[in-house]
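Per Swiss-Prot, the features are:
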BINDING   Leu70, Gly99, Leu118, Ser119, Lys120, Leu121, Thr122, Phe123  S-adenosyl-L-methionine binding site
Amino acid sequence: MRIKLVAVGRLREEAYERACAEYARRLAAYARLELVEVRDARIADSRAGLLKEGQALLDQLHPGEHAVLLDSGGKQFTSVELADWLENHTVQEPVFIVGSSHGVAPMVRERAQMVWSLSKLTFPHELARVIVLEQLYRAVTILAGHPYHHG
């Protein structure tokens with residue numbers, strides 16, 4: 001299984017960086033993981049910034065990849081449902097997209113085949129990356145019968 005996570009901006013907090021590195025290391029035992037960071041626009045005009053970031057995100061998507069946008073308005077899964085989705089979604093390779101703190105451009109939303117919500121709560125985009133990697137790790141361990149998930 002191949003999984004890609006594309007995110008806007010660098011992780012600036014060391015704690016988030018360490019957590020992402022740990023879950024990426026764990027995931028590597030079960031899947032080929034590719035982590036891609038695109039530059040945040042840092043433009044005063046947020047609309048222009050979103051468009052620039054949006055194009056950078058779209059440039060990372062390739063034919064045969066299934067774009068999954070992370071957004072609070074998307075579909076929510078239990079960990080077991082996410083594992084089932086990963087197992088039954090083998091036709092295309094999933095690419096999970098985490099936008100900036102300003103969200104994503106409409107063109108990214110239009111390209112996404114699925115929108116996934118981690119929660120009804122809003123998280124900082126750096127923390128969202130940690131949660132995505134942890135949930136993906138949890139999902140692959142559920143599929144492998146590993147005891148990490150106790151639910």
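Think of each number as a place in line: the chain as shown, counted from 1.
Placed from the backbone N, Cα and C atoms, the Cβ positions cover glycine too.
On a predicted model such as this, the values are computed, not experimentally measured, just so you know.
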Among Leu70, Leu118, Leu121, the one of these binding-site residues whose Cβ has the fewest neighbouring Cβ atoms within 10 Å:
Leu121
Let me make sure I understand the span of the S-adenosyl-L-methionine site: among Leu70, Gly99, Leu118, Ser119, Lys120, Leu121, Thr122, Phe123, what is the greatest distance between any two Cα atoms, in Å?
17
Which residues, sitting 6 or more apart from Lys120 (S-adenosyl-L-methionine binding site) on the same chain, put a CB under 8 Å from its CB?
Ser72, Gln76
Same-chain residues six or more away whose CB lies under 8 A from the CB of Gly99 (S-adenosyl-L-methionine binding site)?
Ala7, Val8, Glu53, Leu57, Leu69, Leu70, Asp71, Val108, His125
Neighbour count, 10 Å Cβ-Cβ cut-off, for Thr122 (S-adenosyl-L-methionine binding site): what number do you get?
10
By the DSSP assignment reduced to helix, strand and coil, which category contains Leu70 (S-adenosyl-L-methionine binding site)?
strand
Please work out the number of neighbouring Cβ atoms within 10 Å of the Cβ of Ser119 (S-adenosyl-L-methionine binding site), leaving out its own Cβ.
10
